[in-house]
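Reading through the structure tokens given below for one structure.
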Amino acid sequence: MSNEPPPPYPGGPTAPLLEEKSGAPLTPGRTSPAVMQPPPGMPLPSADIAPPPYEPPGQPVPQPGFVPPHMNADGTYMPAGFYPPPGPHPPMGYYPPGPYPPGPYPGPGGHTATVLVPSGAATTVTVLQGEIFEGAPVQTVCPHCQQAITTKISYEIGLMNFVLGFFCCFMGCDLGCCLIPCLINDFKDVTHTCPSCKAYICTYKRLC
């Protein structure tokens, strides 16, 4: 065996440094930064194209003319739990005073009616409602002459007189006693007529 030293190691300190693809040699302790290269056939992005601005989630896009419930009309925010005070309202049953147009307002128990007279002029006549024609004169308006009158009454023999006469005969009251009910006005029917034009108005029957 010879005593010559072994040849130098290929990766020893005397080996030449490796070069990057760009041609710059790598220094000891420094690594090449990773560069993202687009795949073949895809163009590089332009520097003028910027990503869209970031919008935080949960913010709805306001509609034109819409005012959120927590925002006033002038754009200011109201604190949570705050509600504007209600406007003034009149109490129930209150009617504000004011001028009312004049008109023919009927009184209690009556209504107004317009009657055309032969001359062609319109005349307003008040007809009383709810009048009860009984055994006494009644104040009303004559439907014929349109005058406010008090009716004239007259008595006529009616059904109640005949019923009482037959009852007297059944009880044995004969010899003309059965005719006594026909002489009593409280048992007769009452006819109401107009004292002005003598027209018939109504008949009150004691017994229908």
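Placement of Cβ uses the backbone N, Cα and C atoms for every residue, glycine included.
Copied over from Swiss-Prot, here are the features:
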| type | residues | note |
| --- | --- | --- |
| REGION | 1-70 | region 'Disordered' |
| COMPBIAS | 1-13 | compositional bias 'Pro residues' |
| COMPBIAS | 50-67 | compositional bias 'Pro residues' |
| DOMAIN | 122-206 | domain 'LITAF' |
| BINDING | Cys142, Cys145, Cys194, Cys197 | Zn(2+) binding site |
| REGION | 164-184 | region 'Membrane-binding amphipathic helix' |
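Sequence-distant neighbours of Cys194 (Zn(2+) binding site) (same chain, 6+ apart, CB under 8 A from its CB) are Cys142, His144, Cys145, Gln147, Ile149, Thr151, Lys152, Ile201. Mean pLDDT for the domain 'LITAF' (122-206) in this predicted model: 85. A simple Cβ count within 10 Å picks out one of the binding-site residues Cys142, Cys145, Cys197 as the most packed, and that one is Cys142.
Cβ atoms within 8 Å of the centroid of the Cβ atoms of Cys142, Cys145, Cys194, Cys197 (the Zn(2+) site) belong to the same-chain residues Pro143, His144, Gln146, Gln147, Ile149, Pro195, Ser196, Lys198, Ala199, site residues excluded. Classification of Cys194 (Zn(2+) binding site) by DSSP places it in coil, neither helical nor stranded.
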